[in-house]
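Chemist: Could you have a look at this structure, given as structure tokens, before my questions?
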Amino acid sequence: MERENSTVVTEFILLGLTQSQQAQLLVFVLVLVFYLIILPGNLLIILTIRSDPGLTAPLYFFLGNLAFLDASYSFIVAPRMLVDFLSEKKIISYRGCITQLFFLHFLGAGEMFLLVVMAFDRYMAICHPLHYTTVMNPRICYALLLALWLGGFTHSIVQVALILHLPFCGPNQLDNFFCDVPQVIKLACTDTFVVELLMVSNSGLLTLLCFLGLLASYAVILYRVKGHTSEGKHKALSTCTTHIIIVFLMFGPAIFIYTRPFRAFPADKVVSLFHTVIFPLMNPVIYTLRNQEVKASMRRLLSRHMVC
């Protein structure tokens, strides 16, 4: 068969998170409740930052973009997963699978780069406060935002290009509840060793390097904080602690999934659930709960609308 005619699979069957009906119902209820509570919270964060003139610092600009990225990211997997819980046959078209995979890595990589930008912002604010307003001016902030979006797009388009060159001629059962690189590659009817190596380099190595770079940058920041006054020290420690929590929530599952050969592990689906559904919705909320300015602004916004 010719290479251009070799992709005969037109749809994939998703095996889902679990085969147990009771477990599916439990997960469905938990995810639905979580989704309906936390997603509006993320949208409220975006609205609060956009409507309050006092929240114009780069920290809040990037926090608003984090909430937008995470809210968008949650739409890629969660809604379809909830619908599939109610369906007997969980089918996704080949094009739908590639589209889901593209946006998953586009927004995921964008968020990863955004966390790097936020670490740079904190480094400048804490270690070089006199130069902070000069370096982190609005023009630079928008340039960094554009760069991280372009970085996410480049990363994702490479993933998709490698997948599109693979022939799929059966079987077509994906052992997961969404389309992702490790499961899709295993269904290709050709030797995928080189492609897996490229994928691990593109996703795994990049994720690991960003993670180690972020830990090193926050270690430097925390070391420099030691010489600050008690009030400034407490605020810097609180901000950095929040950032470090988000870094571990974001990068821990990603490192587990993408920095090893694409072999199935029992914990894969649970880790993927937290990575694609739970943690993205939680990240901005964690930031907000530890930020007094955003909490105060949010209370003012809610009270103003409640009075109206």
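The backbone N, Cα and C atoms fix where each Cβ goes, and this holds for glycine too.
Given the structure is predicted, the values throughout are model-derived calculations rather than measurements.
Sharing the record's features from TrEMBL:
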- 41-287: domain 'G-protein coupled receptors family 1 profile' (DOMAIN)
- 25-47: transmembrane segment (TRANSMEM)
- 59-78: transmembrane segment (TRANSMEM)
- 98-120: transmembrane segment (TRANSMEM)
- 140-164: transmembrane segment (TRANSMEM)
- 205-225: transmembrane segment (TRANSMEM)
- 237-258: transmembrane segment (TRANSMEM)
- 270-289: transmembrane segment (TRANSMEM)
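Let's see these features in context: how buried, what's close, how far.
Modeler: Below 8 angstroms of C-beta separation, residues 17-18, 63-64, 67-68, 70-71, 74, 78, 81-82, 85-86, 273, 277-278, 281-282, 284-285, 288, 294, 298, 301 of the same chain, each at least six residues beyond the ends of the transmembrane segment (25-47), sit close to that stretch.
Listed by sequence, the residues of this chain that lie at least six past the ends of the transmembrane segment (59-78) yet keep a Cβ under 8 A from its Cβ atoms are 31, 35, 39, 42-43, 45-46, 49-50, 100, 103-104, 107-108, 110-111, 114-115, 117-118, 121-122, 125, 141, 145, 177-178, 239, 276-277, 280-281, 283-284, 287-288, 291, 293-294.
For the transmembrane segment (205-225), the list of distant contacts is 109, 112-113, 115-116, 119-120, 122-123, 126-127, 155, 232-233, 236-237, 240, 243-244, 247, 251, 254-255, 258-259: same-chain residues at least six beyond its ends, Cβ to Cβ under 8 Å.
Tertiary proximity for the transmembrane segment (237-258) is limited to same-chain residues at least six positions away from its ends with a CB under 8 Å from its CB atoms, namely 59, 108, 111-112, 115, 118-119, 122, 126, 180-182, 199-200, 203-204, 207-208, 210-211, 214-215, 218, 221-222, 225, 267-268, 271-272, 274-275, 279, 282-283, 286-287, 290-291.
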Chemist: Are there residues at least six beyond either end of the transmembrane segment (140-164) with Cβ under 8 Å to its Cβ atoms? List them, or say none.
Modeler: 58, 61-62, 65, 98, 101-114, 116-117, 120, 181, 184-185, 195, 198-199, 202-203, 206
Chemist: Short question: which residues 6 or more past the ends of the transmembrane segment (270-289) have a Cβ under 8 Å from it?
Modeler: 17, 27, 31, 34-35, 38-39, 41-42, 45, 63, 66-67, 70-71, 73-74, 76-78, 81, 104, 111, 176-178, 180, 242, 245-246, 249-250, 253-254, 256-257, 295, 298
